[in-house]
Amino acid sequence: MPWLWSCVLLLLLFHISTAIDTYPHQYYHNDLTTFQHLLCDQCPPGEYVKHDCTVDQKTQCTPCPSHHYADTWNSNHECQFCSAVCKELQYVKQECNGTHNRVCECMKGHYLHLEFCDSHTQCPPGFGVAQLGTPDSDTVCKKCPKGTFSDVTSASAACQKHRDCEKLGLKTKNKGDSESDAQCEEKTPEYTPNCDLDVTLCEEALFRFSVNVPNWLTILAQGLPGAKVMAQQLSRIKQSYNPEDQPFYLFKLWKEQNKAQYPLFHFIQGIEVCEKGVLKHVRNLNLTVKDLTDLMQSLHGKKIEKEDIENTVKTCDPPKQILKLLNLFRNKNEGNTLKILNLLKTRQLKKPLRRRMKKLKLFLNSDSMYRMHQKFVENIVNQAQPDKLNSS
């Protein structure tokens, strides 16, 4: 009756399954001596079964030997061998012990990919890190959404919000995109008390003096602080201008390149005193547009348009109006303001303006200006010496 044995076998398996579920840390053992089915205790993690239980004795457990482990309750008669071997670019996160196999992990900046440690992906500009890489997973990059940017190649940098120029009290020059931040600039009011000049009269006078120093242009380029004028730019200046004008145009180019840092340098001793002296000679004149037009017409060279004169009156406060117009005239004619003033025809000017312009010429050619120039040359030569030593 085969069907009867099948039923008995099914009942036995059900009984075993129920017993194991009821006693999770026990196992069935068939005692070959008594032919009894015994329910034995399992061994805890870190141990294995040395002897199964009998009718008279409980299960005998013993600790796993060196380099072996058992990480669960078990009925095994031997522990598992610690087989894990750390590969290249991995380190041992947890050494083998009685309850755990050796655990290896990829070094920082790497993740496990097809059994080897690969470097985490670096998100390119325009993309930010949406999820940092781990020892088991790569970096997740995401394109920077509108209003954010990333200008670096990085495995850790997220997209940043664009600078809000309005909140900073500035106006937006460039809105920015996914790879660059917004650029801000100062708001220019309709009337600006500080009227910008690319080069002031004092600065121009300082760089118009003749210098009896060999290779003065090269020394000047080396001695000026901040970002240096490149050799190619220096060569272009030499090709484009007369030797007497080259120091001035070198300074003008250098100042433009260092526009943001220039107010912090303070490398020209006495320049502030000179600027105050210049303003002293041009303030309190109460000049009209006609007066300024007459002054510009008295200069030898290409004339300044009336529209430029009117705009200068709108954008510059009275003491700066003459200085701004002289600046515009010099740039339009690529001239030398000191020489322009020396050739000024003053007969058609009002008497107060005529006197002030004569005094301004004398001031810019005074002994005090020459002494300031000598100190400046000495300072530049001293600053350039370390560069010479380094290049030699």
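The backbone N, Cα and C atoms fix where each Cβ goes, glycine too.
All TrEMBL annotations are machine predictions without curation.
If you look up TrEMBL, you'll see CYS64-CYS79 (among others) marked as disulfide bond. The Cβ of CYS64 (disulfide bond) lies under 8 Å from the Cβ of GLY46, GLU47, TYR48, ALA70, CYS79, GLY98, each on the same chain and at least six residues away in sequence. Secondary structure from DSSP puts CYS64 (disulfide bond) in coil.
Long-range Cβ neighbours of CYS86 (disulfide bond) (same chain, at least 6 residues apart, Cβ-Cβ under 8 Å): VAL92, ARG102, CYS104. Taken from TrEMBL, the feature disulfide bond covers CYS86-CYS104 (among others).
Neighbour density for CYS141 (disulfide bond): within 10 A of its CB lie 19 other CB atoms from the protein chains shown. DSSP assigns CYS141 (disulfide bond) to a strand segment in the three-state reduction. Annotation comment: TrEMBL describes CYS123-CYS141 (among others) as disulfide bond.
In the predicted model, residues of the domain 'TNFR-Cys' (63-104) average a pLDDT of 94. Residues annotated as domain 'TNFR-Cys' in TrEMBL: 63-104 (among others).
For the domain 'TNFR-Cys' (105-141), the residues of the chain that approach it from at least six positions outside its boundaries are 87-91, 93, 148-160, 177-179, judged by C-beta separation under 8 angstroms. Per TrEMBL, domain 'TNFR-Cys' is recorded for 105-141 (among others).
Annotation source TrEMBL lists repeat 'TNFR-Cys' at 63-104 (among others). Long-range Cβ contacts of the repeat 'TNFR-Cys' (63-104) within its own chain (Cβ-Cβ under 8 Å, at least 6 residues beyond either end) map to 24-25, 27, 29, 40, 42-50, 110, 115-117.
Positions annotated as repeat 'TNFR-Cys' by TrEMBL: 105-141 (among others).
Sequence annotations record features per position, and here TrEMBL assigns signal peptide to 1-19.
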Residue among the disulfide-bonded residues CYS79, CYS104, CYS123 whose Cβ has the most other Cβ atoms within 10 Å: CYS123
